[in-house]
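Structure, as structure tokens:
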Amino acid sequence: MAKKTKKAEEITKKFGDERRKALDDALKNIEKDFGKGAVMRLGERAEQKVQVMSSGSLALDIALGAGGYPKGRIVEIYGPESSGKTTVALHAVAQAQKEGGIAAFIDAEHALDPAYAAALGVNIDELLLSQPDSGEQGLEIAGKLIDSGAVDLVVVDSVAALVPRAEIDGDIGDSHVGLQARMMSQAMRKLSASINKTKTIAIFINQLREKVGVMFGNPETTPGGRALKFYSSVRLDVRGNTQIKGTGEHKDHNVGKETKIKVVKNKVAPPFREAFVEIMYGEGISRTGELIKIASDLDIIQKAGAWYSYNGEKIGQGSENAKKYLADNPAIFDEIDHKVRVHFGMTEDDSPVQSELVEEKNEADDLVLDLDNAIEIEE
């Protein structure tokens with residue numbers, strides 16, 4: 001019985017060695033034909049961490065889970081008219097430039113306001129801008145910029161305005177069923193691999209449409225077919241909520257609006273989280289406002305009555321005065337911002353995504369080590 005078992009083990013070992021040799025030969029041939037790294041074991045990847053770029057909003061970074069937009073992925077931002085979609089995208093442009101990157105803006109709607117973009121912190125002298133004549137031209141320009149590997153962020157505003165050339169050349173009233181959807185589907189197939197390879201973030205802004213005849217469920221949909229929905233790693237639903245009244249002499253005027261941003265799809269962190277931000281007219285997202293709210297909830301900033309204090313020092317009576325204090329003291333702002341990000345694990349050393357991957361890799365290494373020890377003992 002023992003001889004039969006030993007013989008079976010020898011046959012199994014021989015068969016396993018042959019399979020491994022065949023696999024090694026196949027990998028060598030693939031590497032020779034397609035280059036190093038064409039096929040690799042997941043644990044051998046040099047970069048396992050999900051790299052992100054801040055969205056420019058602390059509340060949105062928290063809602064995204066990983067600390068910002070994932071690099072090398074597609075992001076879709078959609079919502080009703082005047083909800084703040086372009087504002088959210090422009091904050092990402094400003095953040096990319098702040099981090100030393102290059103950003104491009106494909107303005108298919110031909111409606112970008114340079115003065116407003118500059119007010120949000122965008123360096124308009126360095127921003128690459130294209131106003132294409134057709135949808136194919138806009139997507140082709142985006143593709144060439146991404147393929148260059150020199151651009152960190154590409155924003156397309158908007159998918160609904162990417163009109164196929166055949167529709168432009170035709171007459172109003174002509175039927176072009178599915179033409180835009182086919183164009184977007186082809187573009188996604190071509191762009192997705194290049195976006196991932198170059199670690200470019202591609203943000204597509206989209207509008208809303210309503211399905212005709214829907215009596216039950218949500219009648220809202222986004223134009224451009226389903227391809228963008230499938231290829232997007234992150235989808236954000238932006239909705240304006242309540243108006244923000246001014247103070248003092250502006251108390252009878254609306255100076256901004258509270259906006260809800262819901263992460264309806266997320267491939268790098270848990271989805272369905274929500275961020276509430278204040279979009280001030282002419283200024284964009286109030287970074288001081290969201291920081292005060294979040295830090296107060298975490299008791300990093302203490303609130304007693306109408307007074308806000310930090311480290312035992314009063315920083316303002318009422319939120320407006322506290323905002324002004326943080327705006328005038330950027331060092332204090334950065335210090336509080338850092339504490340909030342550490343709390344949510346969004347700093348580079350404390351990223352929840354990184355921690356999980358490192359833990360899994362350590363477990364895998366321990367398992368390999370245990371197997372090696374077991375083989376040595378058996379021999």
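Count begins at 1; order follows the chain as displayed.
Glycine residues also receive a Cβ, built from the backbone N, Cα and C atoms like all the rest.
Not measured: the values here are computed from a predicted model.
Residues annotated as ATP binding site in Swiss-Prot, with sequence analysis given as evidence: GLY79, PRO80, GLU81, SER82, SER83, GLY84, LYS85, THR86. In sequence order, LYS85, LEU208, LEU236, ASP237, VAL238, ARG239 constitute the residues six or more apart from GLY79 (ATP binding site) in its chain with CB-CB distances below 8 Å. Under the three-state DSSP scheme, GLY79 (ATP binding site) falls in the coil class.
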Nonlocal neighbours by CB distance (under 8 Å) for SER82 (ATP binding site), same chain, sequence gap 6 or more: GLY240
Three-state secondary structure, THR86 (ATP binding site) (per DSSP): helix
Neighbourhood of GLU81 (ATP binding site) by C-beta distance under 8 A, where only residues 6 or more apart in the same chain count: GLN207
Chain-internal residues near SER83 (ATP binding site), provided their CB is under 8 angstroms and they sit 6+ positions away: VAL238, ARG239, GLY240, THR259
